[in-house]
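Undergrad: Features from TrEMBL:
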- 1-10: compositional bias 'Basic and acidic residues' (COMPBIAS)
- 1-29: region 'Disordered' (REGION)
- 93-112: transmembrane segment (TRANSMEM)
- 124-143: transmembrane segment (TRANSMEM)
- 163-186: transmembrane segment (TRANSMEM)
- 198-222: transmembrane segment (TRANSMEM)
- 228-245: transmembrane segment (TRANSMEM)
- 257-276: transmembrane segment (TRANSMEM)
- 296-312: transmembrane segment (TRANSMEM)
- 319-336: transmembrane segment (TRANSMEM)
- 403-424: transmembrane segment (TRANSMEM)
- 430-452: transmembrane segment (TRANSMEM)
- 473-497: transmembrane segment (TRANSMEM)
- 509-525: transmembrane segment (TRANSMEM)
Amino acid sequence: MDLPELEKNAIEGGYVGVQQPDRGGTDKKESAFLGENEVAAVSSDSSSTGHRDALGRIRKRCWNALGLLEIETSGIEPVPRVNRTDNRIYEMFLVWFSANLNVLAFSTGTAGPTLFGLSLRQSFAVIILVDSISFIIPAYFAIFGPKLGTRVMVQARFSFGYIGSMIPSLLNVASLEAFLILNSIVGGQTLASVSSKLSWDLGIVIIGLISLFMTFCGYRVVHWYETVAWIPNVVTFFVMLGVGAKHLVNAPSTSGAGVSAILSFASTTAAIDISWSTMIADYGVYHNANASSWRIVIYTYLGFFLSGVRRAELFCEKLVMHLLGAAFAASAPSVPSWNAGFDNASDIGGLISAVLSPLGGFGKLLTVMVALSISSSCGPTMYSVGTSFMNVAVFFARVPRSVYAIVSTAILIPVAIVGSTRFYATFVDLISFIGYWTASFAAIITAEHVVFRRSQYWRYNVEDWKDARRLPLGFAAVLAFIGSFGIMVPCMSQVWYVGPIARAGTGDIGVFVGFVSAAVLYLVFRAAELRFLRRDIPRSPADDGGGEL
């Protein structure tokens, strides 16, 4: 393929924009993926002298080359409507199907019988109920990507304000890094279980580097990878069912699990499900803005929940991953080889390898494939680490997103190596932290959109995304966010702290209490804020340009 044809494909794919006149009257090509700050830096080269002028030209050529190679260089600026043209809405199904059909989802299910002492029947009941309800929230948030062209943390500015949005952005960076750590641990354990010569540490390094490579290439590569990454996992887990079905039993509860343990497991499961809300819209910002909201929600929900319907046979994807994890973990004590591989409930990869061991070399091949495919979850997560960091301050937005992917990898590898020695303790600590704040965040964003924006997207003046004077003050969101934690703390139940309400027998219900309390507080505080200042909500589509770029 020659250069002109490559450039044409890049333009049609949304990587390089059409020629547009600049303010000086000359023509230039601006990448649709090129960050606003990079464009500003390039356009200012004409005013530079000497070596600065030469460096500017080199930098411009580098950005153009990355665009032609289809490597994303964009920042966090909203995607203009003219560039939101991708009609492949079904990709939203494939992206979230692949991202959730993995070993971490499997390990979530194992926590029911292993960590909380639930019976298999109790674990199944909690998983089915909680997953069915919790997935509605991220599926609904997926609409914001195509409709507004904004990443989640940028859209948060329309509730939290310019300064206030730094709070969820920083928390999201920490949370996404935590998920990367957990994914790398289970992926590394699974990879290492194939051979005694391969340690957990080396397995974690391999998973981290694969995820970095995929993320560095950006949005479109992530989308492409997610369309195929699910295949080895589907094969592997079907084979696991075939090989291990005769050993799957309804194991009794190991500790007489009561309401407290059931609610705590429900809270952990809901925390994982809701946490996708903080990044899910990032992967729809180039999709058609005119797409049906219902189609977006349904495709995304099915991507989380269902793998497909074929001849009236329903196979539930992430739901089944949770159920499979619970089933194999509950049955492991009754199968010596499984129990040995599980290593006192600390080695998820060892359990998978033990189940597949009767297949010999083919079983090892499946184990390797399912371990490497954990990057289908790490890729989108690492991508959003960069976009969240860029939202913290103007300085961070000037740094290319690929740099954050490298920094993220440098952090996750050593931390994952340390945390791998106590997986379940690390798992619960990190997931609980993530769940507490994401529940409050999701409630605030939902209340703003449904109640104050009346579920109408033209009520967002997206062009105001970086104008602090035209965005909400953010007092309502910040006060509701902090206030929800004040109500939530007595309901927490962790190794390091047990609140009085949780101690009374409710278990950890912090996620549920946080969501409800944040929504109620925000409705009160936001109404008061708007009573004195209405600058950020247009009353008609014609106000302030109609709300779209």
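The backbone N, Cα and C atoms fix where each Cβ goes, glycine too.
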Undergrad: Looking at the stretches 228-245, 257-276, 403-424, 430-452, which one shares the most CB pairs under 8 Å with the transmembrane segment (124-143)?
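TA: So the stretch in question is 257-276.
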Undergrad: Hey, does the transmembrane segment (319-336) touch the transmembrane segment (228-245), meaning at least 3 C-beta pairs closer than 8 angstroms, sequence gap 6 or more?
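TA: Checked: the transmembrane segment (228-245) vs the transmembrane segment (319-336), in contact.
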Undergrad: Under an 8 Å Cβ to Cβ limit, what residues of the same chain, 6 or more beyond the ends of the transmembrane segment (257-276), are close to it?
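TA: For the transmembrane segment (257-276), the far contacts come to 96, 108, 111-112, 115-119, 122-123, 126-127, 129-131, 133-135, 137-138, 141, 175, 179, 304, 322, 428, 431-432, 434-436, 438-439, 442, 493, 502, 505-512, 515.
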Undergrad: Select the range from 93-112, 163-186, 198-222, 403-424, 430-452 that forms the most Cβ-Cβ pairs under 8 Å with the transmembrane segment (319-336).
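TA: Comparing 93-112, 163-186, 198-222, 403-424, 430-452 against the transmembrane segment (319-336), the winner is 93-112.
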Undergrad: Using a Cβ-Cβ cut-off of under 8 Å, list the residues of the same chain that are 6+ residues beyond the ends of the transmembrane segment (403-424) and lie near it.
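TA: Counting only partners 6 or more residues beyond its ends, the transmembrane segment (403-424) has Cβ contacts under 8 Å with 107, 111, 114-115, 177, 180-181, 184-186, 188-189, 200-201, 204-205, 208-209, 211-212, 215-216, 345-348, 382-383, 385-386, 389-390.
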Undergrad: Tell me whether the transmembrane segment (473-497) sits in contact with the transmembrane segment (198-222), defined here as at least 3 Cβ pairs under 8 Å among residues 6 or more apart in sequence.
TA: no
Undergrad: Taking residues 6+ outside the transmembrane segment (163-186), which of them lie with a CB under 8 Å of any CB in it?
TA: 102-104, 106-107, 152-154, 156-157, 200, 204, 207-208, 211, 275, 278-279, 348-349, 374, 377-378, 381-382, 384-385, 388-389, 391-393, 408, 411-413, 415-416, 419-420, 423, 426-427, 430-431, 433-434, 437-438, 441, 468, 474-475, 477-478, 481
